[in-house]
């Protein structure tokens, strides 16, 4: 017992020295997590040996030590990957490389420049939720590290990586819990992003986005959304800019010109006209694409199976999948969010249903 106690004391002393030094270089942060990893291993061994207390501290369960050790190993490996990237010489604090920040949304990414995003439900200042978006998000992939910028729109918080829009928080998830009308507005960076009441939460259309622009790195990390108390709600004198998404009800035109048509003068006057997207390509590719589109059901109204023109060559392996939308805004959101393979041809237009 004396030997394992002495080793644990030595490791914890080194950890305290790092806390007191408060260094901001990456090698120091890697060393910190190596020591935490050793601490987990010693506590795990102590529990296996039957000790309930060691160095005047309670020895955690085997499962607790094992779970934390796995998280620490993953974090240490990510830091070592980061140390091989162009961001290795940047300033990195204990807080920025903490397990809490590593695991908060978006999880398993390093993050800097946090900014609070407040979502107000039902136009009620007492019914709000606070989230943290990040000006810098460092995505670790195998042996590479990519920095992206956190963005906000009416749908939620996201970043763009490899030309793909990746949402890491959907506001509608909490709207289902806290909103009676399923409507909300987003307050961020002196702006308010709102959506017309004519568009429901499952038919959210394209909105303006707000980039995170702040140098405040000292904000405490938030691993989850924070429910704001009514007493914390105060009015500020700072002017707010409202950003509205397009409202189809405000469009008085009864006819729209169809796109990708030979006859450019043709107009569609039926009230049952729906925006569509034709996806044309090899049948097997379309089948895979249809499977990949299932998680994006909120971005379209319906999707057909793979079909063919009867006049086409019967030996052709190409097919067509038709996707319909409620509004043109929803169509544009679909095209801006979903990553379509370059082998698939995209055509937009309108169809009478």
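Here the Cβ of each residue, glycine as well, is placed from N, Cα and C on the backbone.
Under the heading compositional bias 'Polar residues', Swiss-Prot lists 206-215.
Residues or ranges marked as SUMO cross-link in Swiss-Prot: 280. DSSP assigns residue 280 (SUMO cross-link) to a strand segment in the three-state reduction. The local packing around residue 280 (SUMO cross-link), expressed as other Cβ atoms within 10 Å of its Cβ over all shown chains, amounts to 14.
Marked as region 'Transactivation domain' by Swiss-Prot: 1-200.
The region 'Disordered' annotation in Swiss-Prot covers 206-234.
Annotated region 'DNA-binding domain' per Swiss-Prot: 273-353, in sequence order.
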